[in-house]
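Asker: So Swiss-Prot lists these for the protein:
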- 303-327: region 'Disordered' (REGION)
- 305-316, 384-386, Ala676, Ser886: ATP binding site (BINDING)
- Asp677, Glu716, Asn720, Asp884: Mg(2+) binding site (BINDING)
- 1045-1298: domain 'Glutamine amidotransferase type-1' (DOMAIN)
- Cys1138: active site, nucleophile (ACT_SITE)
- His1263: active site (ACT_SITE)
- Glu1265: active site (ACT_SITE)
Amino acid sequence: MLILRGAPALSAFRHSKLLEQLKQKVSAVSGLYAEFAHFADVNDVLTSEEQQVLDRLLKYGPSVPVQEPSGRLFLVLPRFGTISPWSSKASDIARNCGLTKIQRIERGIAFYVEGQFSEAQAQAIADSLHDRMTQLVLGDHEQAASLFSHAQPKPLTAVDILGGGRAALEKANVELGLALAEDEIDYLITSFNGLGRNPHDIELMMFAQANSEHCRHKIFNASWDIDGQSQEKSLFGMIKNTYQMHSEGVLSAYKDNASVIVGNVAGRFFPDPETRQYGAVQEPVHILMKVETHNHPTAIAPFPGAATGSGGEIRDEGATGRGAKPKAGLTGFTVSNLQIPGFVQPWEVPYGKPERIVTALDIMIEGPLGGAAFNNEFGRPALTGYFRTFEQSITTPHGDEVRGYHKPIMLAGGMGNIREDHVQKGEITVGSKLIVLGGPAMLIGLGGGAASSMATGTSSADLDFASVQRENPEMERRCQEVIDRCWQLGDRNPISFIHDVGAGGLSNAFPELVNDGDRGGRFELRNVPNDEPGMAPLEIWSNESQERYVLAVGVEDFDRFKAICERERCPFAVVGEATAEPQLTVTDSHFGNSPVDMPLEVLLGKVPRMHRSVEREAEIGDDFDPSTLDIEESVQRVLRHPAVASKSFLITIGDRSITGLVARDQMVGPWQVPVADCAVTATSFDVNTGEAMAMGERTPLALLDAPASGRMAIGETLTNIAASCIEKLSDIKLSANWMSAAGHPGEDARLYDTVKAVGMELCPELGITIPVGKDSMSMKTRWSDEGTEKSVTSPLSLIVTGFAPVVDIRQTLTPELRMDKGITDLILIDLGRGQNRMGASILAQTHGKLGRVAPDVDDAEDLKAFFAVIQGLNSDGHILSYHDRSDGGLLVSTLEMAFAGHCGLNLHLDGVADNVSELSAILFNEELGAVIQVRQDATPLVLAQFSAAGLEDCVAVIGQPINNDEVSISFHGEPVFSGQRRLLQRQWAETSYQIQRLRDNAECADQEFDALLEEDNPGLTVKLGFDVNEDIAAPYIKTGVRPQVAVLREQGVNGQVEMAAAFDRAGFNAIDVHMSDILAGRVDLNDFKGMVACGGFSYGDVLGAGEGWAKSALFNSRARDAFQGFFERADSFTLGVCNGCQMLSNLHELIPGSEFWPHFVRNRSEQFEARVAMVQVQESASIFLQGMAGSRMPIAIAHGEGHAEFRNDDALLEADVSGTVALRFVDNHGKVTETYPANPNGSPRGIGGMTTLDGRVTIMMPHPERVFRAVQNSWRPEDWNEDAAWMRMFRNARAWVN
């Protein structure tokens, strides 16, 4: 084993933060140093050349001075017997670089902690430094040799029910955490007595997972008695009623990993499977919809819990039909009170929590990072979501109890696209190969399905922790590339059947696959790819290692499938074959036995149906009179409540421009304020149709009136999605996610009544279907606190997500008030019809109250009329701005519109209030509704349209936006409230800022927060030195000659399709080229005029961002010769964007004229930054930027490592004077800046892009390929038609080739 010291592992910011955390745990800690440690398992002595290559491979990341360490060593390594995702990628890179003597490279972190401490304190330090699920801590480097030793496989065990009877099974139930019900134990004893043998532990675990509440939805399929009355339908039956009443537009419901609805026709853009040339195929592009929850793992370990939640939902989309493509995501969180240190709010009363779960604040620091990181690395934009906190002590008929979300809601959802011919699963023929695609088995996530089905606190802490999975998004990306290549083959798609591997691992996925295909299966356990050979059969079969799919591929299609996997470097294995007989057999060649041999009907068949007999409880509530409150204090409290406050800290960490198909993200207007009502994507690059999604949830209302909370969730979804341009209300389809503390007094009846209100009443009345959903029935946390039994129970929680095809993505409305449209009015549409019900409002919550009467949807006809009028007014161009009314009420809706428009408000409440005592209720009630901005001369027409639709009593003019910073509210000329817009916006932004400050570099958070005080910020602007609508490539395109450009990607790259689309539009033939094609000699770069290295996360950024990719080219002789020859050709050009920029900067020794280039390292904020930034094009030789010098315009940013690091100040100066700086970040006034967030990565002198001395090679961190169409821009000037400013760059390349 070789031991190689690495670079320091912590930036100054992370170092001081960790040191502070350690001192809080162990006050004797006085100092800390951390560096990476690398360990290489070699089968022979390396030559000096090989050693040099290895040394260069392991030199990556920013340049930080190396120290001579002192203090006690805590060496944190991957758990022995495991292979980390880092190791598998680094080992791949080493092999690609010709280091064939290296079996494996592994990495740890050597923490040196100074101070005098006891062994108990040392243990506390060790606990703080590692994740015990995947890591261990050693005291010296030599012990790391055990990383490369392999444990012997553990044997099978049986449970002796033939001899020990029921007691033996009950004991196994507890020890294995199976969560079997009494009737299931009876069923298993009967079944195995019938088979005449004892069950193996692997069979019991498989049964427990397949039949857990998580997988089987027993409560939703149960029969019910309520108050002694038998109920006609199950919960699922009432949901299905929406489909039975209105099935039009639904292509697949209730039977696959996601639902499918009818989409628009467009030119779907992808590479031809044979020629690899990108092109558009005109066809229907149908819409997938799916929303999942991952609540239990997120409570235990928020980052991996939320990451694997997002990953699992992405796999559900990809595994729909015969393979599909995820497109855009959403994330939601509900937690208990945050109690931010130094920022605790008056309504946040400490109650405590069990040791095994983390705090609400830690969930909201780590969980969103996990969800965002997975989406970012996979390459899916996260475009909408929600965030709510709720925790309150309430009085019930059974006494006082705390209701809240110690068990959080972590929602991961999204939409995708699928070909019409692939919507339905195919046939599994007898003998079909049964394949696992993706990563290896590891001992993580064991028993997750059963664990998530228990109330938090009823299982052991070890079982809880074991049930959390760990993520590897780059592997999932490779799997998706394989699925993409398969569906792109059309009727030659080799996949006949596909499922994702989720709860229960292969023990659930393979039986489900063969059972759904009306087959049985024979499997060989040792064919499962396995990175922990010491696992027992149960562990191999049931672990929930992520990023895996199971597929059935016909024998005749197998070679085609294999070739695709090899090109994409995606692991796969044939584990079994399909049989005609419905028997499940798993053999084990190592031990020569059969761990599983049972009929599928025993596993999945006749399990007893649950029956629930429950009673309704009296509704609860308390008195709340808002008229007695001080309005100014109410405004401050409401603006700081997390459900109302800015969600910026959740949004800027998530890529919102990847795919180049995003038409509306959360950030609105020139000042990029996070207030959008819905998310909108384009169907493809050649049309203006698209897809919309929006969310609705009003969970605290359920404590007062559960059915009302369900109706309001649907109502809010509709008032949100109404901002997009949809042909008719029935085009909207809903996902319903139900969370309940089943068994808690009154909660079961509330659940039943709410499902009935939604499924049997409101949705049928609206003509809307719920074709997909999910339930989580164990939303309660119990623990003992110094002998006192405590619990926190969530309210019944329905989270609704709406999806719909969009007629015109250019007509999406936003809350940005327009000050350039003359005199305008603000009109309130109050669907509560003046009732102003305050129950469970944010204002009530900020005073520790609930109130008594909840807002509700009283008449479905009002909602239908509202939707129709808004759509009509939008189509006619009358609505300038739109925002729904929700949390915080009318006051918050109008303030958010003013924040987005950077303007003041003059509101007068004369038309909506009768007396002063009503004003607080009018400003803060959360009845359904919206505020629209219209030109004053159109106001009578607009009001008339609402009157004609029966909504005359719902509408009133409430004021005007004004062109200054003042916000004033009056009633009959008397002032009610006044304030400054920017100070109110700071209050609204402060909760987000406080969390950002704890999570990221505090200096950057301070700069962003202080920027809100700037009075004359003009926002994003455009100043071009060219005509955006001129196509300078048109003469060359007319010749019919289309030069070839290699669209280059490596494993983990995810931005190739939009890059190809930009070059295709500019008149090039874009060809898909994988690095594996170059390394194998399948592609010759001499065939191309241009090459573009695309964005993403090559090798998951292992060995540095873009560095592993670059080194696999530098140290592989075939690849090095190919790249060097290409760069030296005078007729070639190259572009590198984001990850491609990082990669090319590390190839500078091969690129003539690039000696001034920097190295790109971690952003100054220490965070992934997804923003719209202003850049100015510099005077340079870049062939891409000719005729653009001096132009200033916005561009999409999405990177974690974009900080340009030069060797020293002299090198920076040389770059400056050499004329090779191509782009600089500027502030909204046009000045070059290093200030955050205008400069999102802190690069010196605003450097954002470089070129070579002759201009043929250009690299940049921003993403022009995502914003070449006008509709792709989060904000754009109105005079942009089809093209955006960045299209000129690609056309410049086409003109240069000529």
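Cβ coordinates come from backbone N, Cα and C, glycine included.
Help me see these features in their spatial surroundings.
Answerer: Ile314 (ATP binding site) falls within a helix when secondary structure is assigned with DSSP.
DSSP assigns Glu716 (Mg(2+) binding site) to a helix.
In this structure, Cys1138 (active site, nucleophile) belongs to neither helix nor strand by DSSP; it is coil. Listed in sequence order, Gly1055, Cys1094, Gly1095, Gly1096, Ala1198, His1199, Gly1202, Met1260, Met1261, Pro1262, His1263 are the same-chain residues at least 6 apart in sequence whose CB falls under 8 Å from the CB of Cys1138 (active site, nucleophile).
All chains included, 26 other C-beta atoms sit within 10 angstroms of the C-beta of His1263 (active site).
Around Glu1265 (active site), the C-beta neighbours below 8 angstroms that are at least 6 residues distant in the chain are Gly660, Gly1055, Glu1058, Met1059, Ala1061, Ala1062, Cys1094, Gly1095, Val1137, Trp1286, Phe1290. Secondary structure from DSSP puts Glu1265 (active site) in a helix.
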Asker: Can you tell me how many other Cβ atoms are located within 10 Å of the Cβ belonging to Ile314 (ATP binding site)?
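Answerer: Around Ile314 (ATP binding site), other Cβ atoms within 10 Å: 29.
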Asker: In the three-state scheme derived from DSSP, which category covers Asp677 (Mg(2+) binding site)?
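Answerer: DSSP call for Asp677 (Mg(2+) binding site): coil, neither helix nor strand.
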Asker: Between the Cα atoms of Asp677 (Mg(2+) binding site) and Gly311 (ATP binding site), find the distance and write it as a whole number of Å.
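Answerer: Roughly 25 Å, rounded to the nearest whole number.
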Asker: If one measures from the C-alpha of Asp884 (Mg(2+) binding site) to the C-alpha of Ile314 (ATP binding site), what distance in angstrom results, rounded to a whole number?
Answerer: 29
Asker: Tell me the Cα distance separating Gly311 (ATP binding site) from Asn720 (Mg(2+) binding site), rounded to the nearest angstrom.
Answerer: 26
Asker: Pop the Cα-Cα gap between Glu716 (Mg(2+) binding site) and Gly305 (ATP binding site) into the table, whole Å please.
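Answerer: Gly305 (ATP binding site) to Glu716 (Mg(2+) binding site), Cα-Cα distance: 28 Å.
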Asker: Highest CB neighbour count within 10 A among the binding-site residues Thr308, Thr384, Asn720?
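Answerer: Answer returned by the neighbour count: Thr308.
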Asker: May I have the list of same-chain residues other than Asp677, Glu716, Asn720, Asp884 whose Cβ is within 8 Å of the Cβ centroid of the recorded Mg(2+) site, in sequence order?
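Answerer: Here the nearby residues are Cys678, Ala694, Gly696, Thr717, Leu718, Thr719, Ile721, Ala722, Ala723, His883, Ser886, Ala930.
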Asker: Between Asp677, Asp884, which of the binding-site residues has the fewest other CB atoms within 10 angstroms in the structure shown?
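Answerer: Fewest other Cβ atoms within 10 Å, among the binding-site residues Asp677, Asp884, is found for Asp884.
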Asker: Taking DSSP as the reference, which of helix, strand or coil describes Thr384 (ATP binding site)?
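Answerer: In the DSSP reduction, Thr384 (ATP binding site) maps to strand.
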Asker: At a 10 Å cut-off from the C-beta of Glu716 (Mg(2+) binding site), count the other C-beta atoms across all protein chains.
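Answerer: I get 26 for this one.
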